[in-house]
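If you check Swiss-Prot, you get these features:
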type	residues	note
BINDING	Glu9, Tyr55, Glu63	Mg(2+) binding site
BINDING	Arg53, Thr66, Trp420	ATP binding site
ACT_SITE	Asp57	active site, proton acceptor
Amino acid sequence: MNRRIFGLENEYGVTCTFRGQRRLTPDEVARYLFRRVVSWGRSSNVFLRNGARLYLDVGSHPEYATGECDSVTDLIAHDKAGERILEGLLVDAQKRLHDEGIFGDVYLFKNNTDSAGNSYGCHENYLVSRHGDFAKLADVLIPFLVTRQLICGAGKVLQTPRGAVYSVSQRAEHIWEGVSSATTRSRPIINTRDEPHADAERFRRLHVIVGDSNMSETTMLLKVASTDLVLRMIEAGIVMRDLTLDNPIRAIREISHDMTGRREVRLANGREASALDIQGEYLSKARDFVDRRELGTPAVERALSLWERTLKAIESGDLSGIEREIDWVIKYRLIERYRAQNNLGLASPRVAQLDLAYHDIHRPRGLYYLLERKGAVTRVVDDLRVFEAKSVPPQTTRARLRGEFIKRAQERRRDFTVDWVHLKLNDQAQRTVLCKDPFKSHDERVEKLIASM
């Protein structure tokens, strides 16, 4: 599939503290956060003018799901627009609390674990053809996804019985199965629940829930573009070396605890291979595939270059070449500088605070955004593109139809209902348009429905 639909869903951690103590429960904070949403959407589960979905997920986690994107750069702009929309809700909630005499700071974290050991996710969606062998797809993908944390993990200081360690992935500790239809109870690598949100005879939606939420735009680019390339190779029938892991769940943890990428994990055929070996194999196949088929767009070439530089940097032990581009490395270097300046151990509560502050999406306060202001991290999209994505849907997919419909209905004060595939006017005629093709950005039926308002 040379043109693919992508989507990202990010759940955010939420808290409110006053002088270091928790002031409100997450439920209470979430209610304040979503009060403005409920006032205009009459619900805490809404679709927005930019085609995205914003809702309160299980456990009081605000979740933002981007509209359908058919380019990785569009996807990054829309994921970052979600951060900005939630930051707006945070500022509004903070003001409401102060107006009501409740003093404290509201925080939204784009991370994957809280201090109580709970995990919440970043889910990636990739549209695939219904006609492929889904089980085979999963088999080839799992070794890639288990080792992918080495190139796009968000990093975390993990407290273990043997002391604190720096782990490359936040999510790795919370994955319990390879392939499953559950997302919360068992937390698989790939979720198989068959909800294509498209024509079920033609498409299937691959739902990957193993990845970390990324602050870094370049890490996000590498995460999605590399996965897309592996999918394209599988779809094209490229023969891959059998890298099936003997125990993917043990392997994901072992790899997460090893920043060098050299720790060997057992393969099903009895051999052993390191995360560097496995990622190197996928990279070499992808490079060859892109060159032979002349698929080298600027985004693909940028991702391949970063993939190669990241593996080389990890192999050499000199991370300076990727300290602006890969989340876990950016954060690790930040923590190491802070520890050296203040003579702190890795288990210090001040280090844990720094670890968390990296993911704070409130730009005047969050450490990632402090680095961005200093020009210490590399960007993929600029602020203007992110600002536009807050209100303008992707223009080349079904998200455009949804966004235009919502915009007109709100302007005309019409009652409506939408989901990923349906657009419905709640009038006497109950007119509904079913949009089964996520690639289709223009549809006469939708134009007519919009014109009739």
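Glycine is no exception: its Cβ is also placed from the backbone N, Cα and C atoms.
Here the structure is a predicted model, which means the values were calculated and not measured.
For Tyr55 (Mg(2+) binding site), applying a Cβ distance below 8 Å and a minimum sequence separation of six or more within one chain yields Ser44, Asn45, Val46, Pro62, Glu63.
Glu9 (Mg(2+) binding site) carries a strand DSSP state (E or B). Cβ proximity to the Mg(2+) site centre (mean Cβ of Glu9, Tyr55, Glu63, cutoff 8 Å) flags the following additional same-chain residues: Asn10, Glu11, Arg53, Leu54, Asp57, His61, Pro62, Tyr64, Ala65. On a Cα basis, Glu9 (Mg(2+) binding site) lies 9 Å away from Arg53 (ATP binding site). Within 10 Å of the Cβ of Glu63 (Mg(2+) binding site) there are 20 other Cβ atoms, across all protein chains. Every protein chain shown contributes to the tally, and the Cβ of Trp420 (ATP binding site) ends up with 21 other Cβ atoms within 10 Å. Here the C-alpha separation of Trp420 (ATP binding site) and Glu9 (Mg(2+) binding site) works out to 14 Å. Other residues of the chain with a Cβ within 8 Å of the Cβ centroid of Arg53, Thr66, Trp420, the ATP site, are Gly7, Glu9, Phe47, Gly51, Ala52, Ala65, Gly67, Glu68, Ala399.
Note: the CA-CA distance between Glu9 (Mg(2+) binding site) and Thr66 (ATP binding site) rounds to 6 Å. Sequence-distant neighbours of Thr66 (ATP binding site) (same chain, six or more apart, CB under 8 Å from its CB) are Gly7, Leu8, Glu9, Gly51, Ala52, Leu75, His78, Asp79, Ala81, Gly82, listed in sequence order. Residues Arg53, Thr66, Trp420 are listed as the ATP binders, and the farthest two of them sit 11 Å apart at their Cα atoms. In the three-state DSSP classification, Trp420 (ATP binding site) falls within coil. The number of other Cβ atoms within 10 Å of the Cβ belonging to Glu9 (Mg(2+) binding site), over all protein chains shown, comes to 22. With a 10 A radius on its CB, Arg53 (ATP binding site) counts 20 other CB atoms from all the protein chains.
Around the residue listed as 'active site, proton acceptor', the same-chain residues six or more apart in sequence whose CB sits under 8 Å from its CB are Glu11, Glu63, Tyr120, listed in sequence order.
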